[in-house]
Amino acid sequence: MEGEKKYITSEELKEHKKPGDLWISIQGKVYNVTDWIKEHPGGDTPLLNLAGQDVTDAFLAYHPGIAWKYLDKLFTGYYLKDFEVSEVSKDYRKLASEFSKMGLYEKKGHGVFYSLTFVAIMLAIVVYGVLKSDRVWVHLACGMLLGFLWIQSAYVGHDSGHYQVMCSRGYNKFAQFLAGNCLTGISIAWWKWTHNAHHLAVNSLDHDPDLQHIPVFAVSSSLFKSLTSHFYGRELTFDAVARFFVSYQHLTFYPVMCVGRINLFIQTFLLLFSKRKVPDRALNILGILVFWTWFPLLVSCLPNWPERVMFVLTSFTVTAIQHIQFCLNHFSADVYVGKPTGNDWFEKQTGGTIDIACSSWMDWFHGGLQFQLEHHLFPRLPRCQLRKISPVVRDLCKKHNLPYRSLSFWDANVSTIRTLRTAALQARGLLWEAVNTHG
């Protein structure tokens with residue numbers, strides 16, 4: 001009969017989850033995203049990870065209302081026969097709808113303006129201090145200030161990558177490249193590539209790149225099995241070298257964080273000069289060239305090599321504060337192995353995140369990421385709104401008996417080191433076993 005709905009089951013939908021054959025379901029309607037993957041603004045990783053299942057919650061989290069109009073041309077004509085919505089998802093979707101009606105997604109405040117102004121002032125002070133003073137302590141202070149500049153600039157890049165912080169998409173892209181590529185030397189293309197995968201597969205040991213730090217760190221003994229990274233497409237080999245480093249990771253964690261920025265520079269270059277399709281590759285490379293022009297020139301203006309080394313190491317060490325916070329938000333949270341699933345979106349986010357408790361006057365310091373769970377559940381929500389919705393999210397977690405972990409900065413550090421030490425001792429047991437076995 002004309003107009004009669006056609007249905008497929010969830011099992012049949014699962015058959016369409018391979019490159020070249022990608023189907024998803026949103027609110028019970030089935031869409032073919034096989035060709036759309038090439039145009040998808042969020043890249044191919046989210047669609048490859050979530051294909052073959054209902055992705056309503058993830059879609060609502062990441063897409064504004066205007067995105068719905070793009071779905072019509074992708075509709076297969078099928079509906080999901082056994083489509084069901086859990087009580088948690090019902091409450092989550094209701095909450096997202098209420099926030100939208102309240103206009104919270106549009107109320108961005110003036111945080112980005114203040115941040116960019118603060119960054120500009122800090123940059124001016126750093127340049128003035130390096131050029132006009134010959135005192136070592138001034139140069140040391142400038143190095144510290146540059147580190148804080150990079151932290152605040154990274155927060156602006158993060159915000160502009162999640163939602164439109166400027167008055168137009170063009171200006172928003174400009175803010176991304178300025179705050180990311182030009183000022184910090186870290187490609188916004190690299191950030192989007194890894195960060196989207198992290199959000200969708202939070203704390204999946206084989207799908208979340210933010211937990212794949214072999215051979216230096218391993219947050220779980222499951223990584224000792226040399227898992228295959230579905231993000232990087234290679235094996236995370238846990239060999240003798242990795243076993244040695246991981247055995248002492250609770251001791252090396254902070255020193256490694258002090259030079260962690262070097263890894264971000266390397267990852268940026270590896271992506272931009274790879275064969276992988278990179279959006280705005282030329283623009284990203286141009287932004288990186290801007291950074292690697294002004295930063296070495298600034299360092300070269302210091303009077304001698306000892307002060308240059310001191311300046312660079314000091315700036316890197318200060319940014320370690322931010323790198324550490326990123327780890328605190330996830331390293332000691334729940335982990336799992338496997339692809340993310342669309343039907344437990346809320347549960348996976350609560351399990352894989354840890355908030356950092358702080359006073360409201362410290363919000364600028366943490367860039368809103370102290371509300372990690374709130375940010376993961378509502379990534380398009382401006383950071384100025386996260387504290388407001390925190391009690392509501394806490395109540396929803398309590399209603400459904402889900403974890404809502406909020407630790408002080410100190411306690412979060414203790415919890416992270418404890419997690420690393422536990423895995424280190426397990427790896428050390430394997431190390432001594434190998435020594436005793438092979439002499």
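Backbone N, Cα and C atoms are what each Cβ position is placed from, and that goes for glycine too.
Whatever TrEMBL says is automated annotation, not expert-curated.
Here is what TrEMBL records for this protein:
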- 5-89: domain 'Cytochrome b5 heme-binding' (DOMAIN)
- 111-131: transmembrane segment (TRANSMEM)
- 137-156: transmembrane segment (TRANSMEM)
- 177-193: transmembrane segment (TRANSMEM)
- 253-273: transmembrane segment (TRANSMEM)
- 285-305: transmembrane segment (TRANSMEM)
Intrachain residues whose Cβ lies under 8 Å of the transmembrane segment (111-131), provided they are six or more past its termini: 138-139, 141-142, 145-146, 148-149, 152-153, 155-156, 159-160, 165-166, 175, 179, 183, 298, 301-302, 311, 364, 382-384
Same-chain residues near the transmembrane segment (253-273), Cβ under 8 Å, at least 6 residues beyond its ends: 150, 185-187, 189-190, 193-194, 216-217, 281, 284-285, 288, 313, 316-317, 319-320, 323-324, 327, 416-417, 420
Spatial neighbours of the transmembrane segment (177-193) far in sequence, C-beta under 8 Å, 6+ residues away: 42-43, 45, 116, 119, 123, 149-150, 153-154, 156-158, 160-161, 264-265, 267-268, 271-272, 278-281, 283-284, 286-288, 290-292, 295
Residues of the domain 'Cytochrome b5 heme-binding' (5-89) by DSSP state, where helix covers H, G and I: 32 helix, 22 strand, 31 coil
Local confidence of the prediction over the domain 'Cytochrome b5 heme-binding' (5-89), expressed as mean pLDDT: 89
